[in-house]
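Undergrad: Relevant sequence annotations retrieved from Swiss-Prot are reproduced here:
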BINDING   ASP30, PHE31, ASN32, ARG46, HIS70, LEU71, GLY72, ARG73, ARG126, ARG159  substrate binding site
BINDING   LYS210, GLU332, GLY358, GLY359, ASP360, THR361  ATP binding site
Amino acid sequence: MKETGIELMKNTKSVRDIDVKDKRVLIRVDFNVPMDEDFDISDDTRIREALPTINYCIDNHAQNIVLVSHLGRPKGRNAEFSLKHVLKRVERLLGRDIAFAETIENVENLQQQSKSGSVILLENIRFYEGEEKNDEELSTKLASICDVYINDAFGTSHRAHSSTCGIAKYAKECVAGLLLKKEIDSFAKAMANPLKPVLLIVGGSKVSSKLALLYNILDVVDKIIIGGAMSNTFLKARGFDMQKSLVEDDLVSEARKILDKAKEKKVKIYLPVDVVSTDDIKEHRHIKITPAQDIPEGFMAVDMGPATSKLFSEVVRDSQTIIWNGPLGIYEIQAFSRGTFNLAHAVSDTYAFSLIGGGDTADAIDKAGERDNMSFISTGGGASLELLEGKILPAFEVLERK
């Protein structure tokens with residue numbers, strides 16, 4: 001990554017750099033957690049990750065703390081997306097009662113009645129039409145209920161919305177929360193000043209979504225492992241017949257360009273040497289393991305084979321910094337999860353600093369049972385991808401610098 005961008009974000013002031021005593025604090029958290037149809041939360045990681053900043057403000061005697069978050073993509077007010085569904089879990093994890101405010105006006109009333117150190121959760125901020133438009137009126141309203149604005153929602157830091165950007169124009173003090181700081185420090189450790197050799201593991205289904213990342217990262221890394229359906233397009237660029245495998249035909253020449261550029265910059269790219277293939281993803285009665293160039297007619301590659309697994313594990317072992325973005329096979333189907341899981345075990349066995357991009361990658365690491373053995377797992381999917389692409393995230397641009 002171009003050092004300037006990440007260094008600029010690394011110099012953001014955090015809540016530890018200011019005094020919150022007797023001040024009204026508004027924290028933009030990310031409580032956008034997955035739930036089942038009965039509104040039971042299946043993974044509360046995002047709530048847990050927000051606790052250190054909330055507790056820091058309580059311990060340092062903030063007058064009151066307003067928590068602001070979105071949940072899903074509601075179109076207007078919709079009970080299905082109410083943050084009431086997460087209130088009990090937040091109370092349990094925080095170990096205290098939390099007042100619930102249906103509206104911003106309601107927050108003001110609660111602030112006047114509340115005792116010092118009380119916590120208020122505002123209803124889903126996306127119920128306000130102006131939120132995603134970064135509307136000035138909503139931004140000023142939010143700023144009016146706080147003396148200090150803290151952004152701790154890394155997962156939405158690539159979005160220029162009222163609660164992540166607009167509010168900062170009107171709030172008296174604007175700083176990063178402890179999670180936001182931890183995220184940017186981890187990315188800086190992996191990209192701005194990494195221990196070498198640096199390895200990028202990149203997967204997922206689309207080359208198109210990882211193009212900017214690949215071009216940007218060639219200046220940072222020493223080697224790249226490309227897996228998942230993405231690797232099919234690169235294997236085709238090397239002249240292999242990929243049969244029925246998912247290939248982005250319009251990007252084969254782009255893949256060739258990346259391979260050439262990597263060679264020019266002396267970055268070694270590793271692709272699968274053998275693959276697991278099937279003629280039917282749903283039924284998968286017929287499964288074959290063949291060299292990558294010998295996929296049987298009518299079959300599609302769905303995972304890396306054992307020789308690739310061994311090769312990739314050796315590459316991992318010889319790395320000091322590992323950045324991983326995107327799973328390397330259809331890990332949700334047990335029969336095709338071995339490649340991704342084996343690699344997760346290999347990464348956990350190293351002493352390297354491992355930075356895991358959010359979203360599907362974090363989910364795959366979870367399913368492999370290796371969450372606790374990674375150095376840092378990002379809470380943001382889209383946000384972490386944009387950082388790897390070398391972008392400055394909008395939410396960081398509006399916060400105060402040291």
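For all residues, glycine too, the Cβ spot is worked out from N, Cα and C.
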Undergrad: Between the binding-site residues LYS210, GLU332, GLY359, ASP360, THR361, which lies closest to ASP30 (substrate binding site), Cα to Cα?
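TA: Minimum Cα distance from ASP30 (substrate binding site) across LYS210, GLU332, GLY359, ASP360, THR361 lands on GLY359.
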Undergrad: If you count Cβ atoms within 10 Å of the Cβ of ASP30 (substrate binding site), leaving out that atom itself, what do you get?
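TA: Summing over all protein chains shown, ASP30 (substrate binding site) has 25 other Cβ atoms within 10 Å.
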Undergrad: Output, ordered by sequence, the same-chain residues six or more apart from HIS70 (substrate binding site) with a CB under 8 Å from its CB, or 'none'.
TA: ASN32, ASN124, ILE125, ARG126, GLU131, THR156, SER163
Undergrad: Taking the Cβ of ARG126 (substrate binding site) as centre, how many other Cβ atoms lie within 10 Å?
TA: 23
Undergrad: Can you count the other CB atoms that lie within 10 A of the CB of ASP360 (ATP binding site)?
TA: 19
Undergrad: From the Cα of GLY72 (substrate binding site) across to the Cα of GLU332 (ATP binding site), what is the distance in angstrom?
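TA: Spelling it out, the Cα of GLU332 (ATP binding site) and the Cα of GLY72 (substrate binding site) are 22 Å apart.
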